[in-house]
Amino acid sequence: MSAESKKAHNFIQSLIEEAIAKGEHTGKVVTRFPPEPNGYLHIGHAKSICLNFGIAETFGGECNLRFDDTNPEKESQEYIDAIKTDVEWLGYTWAGDVRYASDYFDQLYEFAEELIRKGKAYVCALTAEEMAEYRGTLKTPGRNSPYRDRPVEENLQLFRDMRDGKYQNGELVLRAKIDMASPNINLRDPILYRIRYAEHHQTGNRWCIYPMYDFTHPISDALEGITHSLCTLEFEDHRPLYDWVLENVSVPCRPRQIEFARLNLNYTITSKRKLKRLVDEGHVEGWDDPRMPTISGMRRRGYTPESIRNFCDMIGVNKAGGTVDVGMLEHAIREDLNARAPRAMCVMRPLKVTLVNYPEAQTESLTLPVHPQNPDMGEREVTWSRELYIDREDFSEEPPRKWKRLAPGQAVRLRGGYVITCRDVVRDPQGEIVELTCEYDPATLGVNPEGYKPNGVIHWVSAVDSAEADIYVYDRLFNHEAPDSDKEGDFLDHLNPESLVVIRGARAEKGLADPRTDIPYQFEREGYFFCDRDKTEAAGRPVFNRTVTLRDSWGKGGK
Ligand code: ATP
Ligand code: MG
C-alpha cells in the first residue's frame, strides 16, 4: 500500500466536501495550526499539524502557523524557534510569514472597546475569590457582578486606565456581559482582558493588559480569514463563546470551529506541563531527549517525518476519544526504516575470535549490499581478518537445544563472510571467557559446500579494521500503560528505570567510523540506530541512539 492510498477520509474532510457540494462553502479553505509557545511540540501536536496542513493540502487551500501568545510569563523565543523547526521538519510549509496573536493586540484592543460601547463588556473589580463565588456551579446559576451595570463611559475610561498602567495586577478585569445564569459556565460573563505586568517576547513592555484565549482565538481566526478552526474536544463547550465573540464584533469573516479528539498514547505523557516537569526536574536530558514524545526527541531518536505522518494517517481523526497503542507508532517507524535504512553490522558486547588457520598479516575486503532488497542503495566494504569480534550473546558453552549460533564444535556463518567452527575457549585468570579459537572454511565465502549447512548466521566485525562506538539503548520512558491515570500517585512514579542503558566499547563495521546522519541504520539482528551528532562530537567517536527494536518485544522478555 502506498502512503497515499492509506490516507483515511476523515469526518472533517467529509463535512467540508458536503459544504462545497451544497454551495455553502465557496473560495479557498484556510486552516491554521495555533500552538502556544510554552513548550516543545509533542506527538499529539503532530496529529493536529497533519490534520490542519493535510486539510489545506486536500482542498488546495492554505494553512497558517500562528503562535497563540497571550501568556507572556510562560512563553519564550526558544519555544517559538523549536516549534518552527519541528513543523518544517515534518514537511509542512505555512502560508506567508509566521503569525502571532500578539500581531493583533492593537485590533483586539479596539474590538474590546467596541464591545464596551455596545454595552456588551464591562470592567469588574471583584477579586478572584469573589468572582469564583459569583460564578455559581454546574448545578446553581451564578449571580451578577455588582459592577455589571456600570455606564459605558465609565467602562471605557477604566479600560483605558487599565491599559495605561493605572492599576495593579489583578485589580480589574474586562468581562463580557453575556448570561450569569447560562448552563454553560463559559458564558457566565467570561474574562476578556486581565492586567499583567510582564515583558512579552514579541511586544516587549508595550502592554500591561493581555487578552484571554477565548477572546483572542476567534478574532485572530477571523482576521486571518480562517474558514475552518479545528481544535480538540475540550473546546466544544467554548464554541458558543467563540461564536458569541464573532457575532458581536465587526470582524471580516465567520470561521467555523470544529472539534476532534486529542491523541492519547499509552505508555506516554502528552501534556506540555508534565513534559516540562520531566525536563525541569532532570528526569530526562532536555526537551529533545530521545525518550521524550516530543517531535524533537523523536527526531533525535531516529524517527522520520514520513513515519510520523504515516502514523497520523493510520490513527485517523474522529470525535470519539480513546487511547492509541504506542506500538502503532513503533510499527510506523519500523515499516519506514525496514524499507529505507542502510544495513550495517555492530557488535554490542565484543568477544574476540581468532581464526587459527587464517594467515596473520592477511586481510581481505568483502562486499555487502547496503540494503538486501534494494540494489540501488549500493554496496559497502567490510574487512575480514584473522581476529574478529562477535557478540558475547552469540556464543554459548553449553548451548540449549536448537541453538543457532556459535558453540564449541559448532559451525556458524558470519554474515557476508565465511563459515567458522569453534575449536576452543580461552579464559582469563578469573575464569571468564575472553577469546574463542576458531577455524574458518575457505570454501564457504558466499556458498554452502554440498552436504553441509551451518547452523545459523551471526553478525561480526574485524578486530583490526572496525570503529569503536557507544550505543544508547533507549526504551519506553514509562513502564505503566497509563502513567498519569494514577489518582493517588504521580506520573513520575512510573518512570521506567531501564529507559536508557549505555553501552560503551561496541564495535561497528569500518564505514560507521564516519556515519550517516540523515537516516538511522539497521544494525543487523539488533534494531535501528541513529547517529547522535551532539553526543558523537562530545565523545570523539560515533554514538548511536536506538530508535526501535526490530520486532515488538515489549514485555515479552526481548532485549
Ligand atoms: P498541552 O495540553 O500539551 O499543553 P495544548 O493543547 O495546550 O497542549 P497548544 O499549544 O495550545 O497545546 O496546541 C496547539 C494545537 O495542538 C491546538 O489546536 C491543540 O488542540 C492541538 N493539540 C494539542 N495536544 C493535542 C493532542 N494530544 N492531540 C491532538 N491535538 C492536540
Ligand atoms: Mg493550549
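One is the number of the first residue shown, and numbering goes on along the chain from there.
In case you wondered, yes, glycine gets a Cβ from its N, Cα and C as well.
The model shown is predicted, which means the values in this text are computed figures rather than measured ones.
What TrEMBL annotates here:
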| type | residues | note |
| --- | --- | --- |
| DOMAIN | 28-337 | domain 'Glutamyl/glutaminyl-tRNA synthetase class Ib catalytic' |
| MOTIF | 35-45 | motif ''HIGH' region' |
| BINDING | Glu36, Pro37, Asn38, His42, Ile43, Gly44, His45, Ala46, Lys47, Ser48, Thr232, Arg262, Leu263 | ATP binding site |
| BINDING | Asp68, Tyr213 | L-glutamine binding site |
| MOTIF | 269-273 | motif ''KMSKS' region' |
| DOMAIN | 341-441 | domain 'Glutamyl/glutaminyl-tRNA synthetase class Ib anti-codon binding' |
| DOMAIN | 457-532 | domain 'tRNA synthetases class I (E and Q) anti-codon binding' |
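Ranking the binding-site residues Glu36, Asp68 by how many other Cβ atoms lie within 10 angstroms of each Cβ puts Glu36 at the bottom. Taking the motif ''HIGH' region' (35-45) as a whole, pLDDT averages 98 in the prediction. Within the same chain, residues at least 6 positions away in sequence whose Cβ sits under 8 Å from that of Leu263 (ATP binding site) are Ile43, Gly44, Ala46, Lys47, Thr270, Ile315, Val324.
Residues 67-69, 71, 74-76, 79-80, 82-83, 86-87, 201, 262-265, 268, 270, 272-273, 275-276, 287-288, 292-296, 298, 308, 329 of the same chain lie 6+ residues outside the motif ''HIGH' region' (35-45) yet bring a C-beta within less than 8 angstroms of a C-beta in it. Note on the motif ''KMSKS' region' (269-273): residues 38-40, 42-44, 262-263, 293, 477-478, 483-484, 491 of its chain, located 6 or more positions outside it, place their CB under 8 angstroms from a CB of the stretch. Put simply, the two farthest-apart Cα atoms among Glu36, Pro37, Asn38, His42, Ile43, Gly44, His45, Ala46, Lys47, Ser48, Thr232, Arg262, Leu263, the recorded binders of ATP, are 19 Å from each other. Listed in sequence order, the binding-site residues among Glu36, Ile43, Lys47, Thr232 whose CB lies under 6 angstroms from an atom of ligand 1 come out as Glu36, Lys47, Thr232. With DSSP states grouped into helix (H, G, I), strand (E, B) and coil, the domain 'tRNA synthetases class I (E and Q) anti-codon binding' (457-532) comes out at 8 helix, 33 strand, 35 coil. Checked against ligand 2, the binding-site residues Asn38, Lys47, Asp68, Thr232, Leu263 give no residue with a Cβ less than 6 Å away from one of its atoms.
For Tyr213 (L-glutamine binding site) paired with Glu36 (ATP binding site), the C-alpha to C-alpha distance reads 10 Å.
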